[in-house]
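Some notes on the structure that comes next.
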């Protein structure tokens, strides 16, 4: 399966989780996650990190350049989505904004984005050696 198809499927999975959480449908699961020390934060880190990783791979590590600053487009996309989604929780009675969740999201997005960039650059170096 191509990486873009995986990115779409994983994005739909994340959107499904958000919908279910917004509706308050999976309170039992959330209670179990919250019972684990930092379980919620670890979940945010990996869910959004993997999303950034897959999207950055799908975009082949495309970047915005502002002088010496290079920002992965996929990471910026996920960063924007996550920020808006976390802020939107103010409007759902079953949810609450948590800066710690946002921080865990950002850390996952950054680290997994860097992992994607490293993988892409490594693959390019190996391809050049073969030629």
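Numbers run from 1 along the shown chain.
Each Cβ is built from the backbone N, Cα and C atoms, and glycine gets one as well.
Annotated in TrEMBL:
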{"type": "DOMAIN", "residues": "36-111", "note": "domain 'VanZ-like'"}
{"type": "TRANSMEM", "residues": "7-26", "note": "transmembrane segment"}
{"type": "TRANSMEM", "residues": "42-59", "note": "transmembrane segment"}
{"type": "TRANSMEM", "residues": "71-91", "note": "transmembrane segment"}
{"type": "TRANSMEM", "residues": "103-120", "note": "transmembrane segment"}
DSSP-wise, what's the residue breakdown of the domain 'VanZ-like' (36-111) into helix, strand and coil?
52 helix, 8 strand, 16 coil
Give the one range among 7-26, 71-91, 103-120 whose Cβ atoms make the most pairs under 8 Å with those of the transmembrane segment (42-59).
103-120
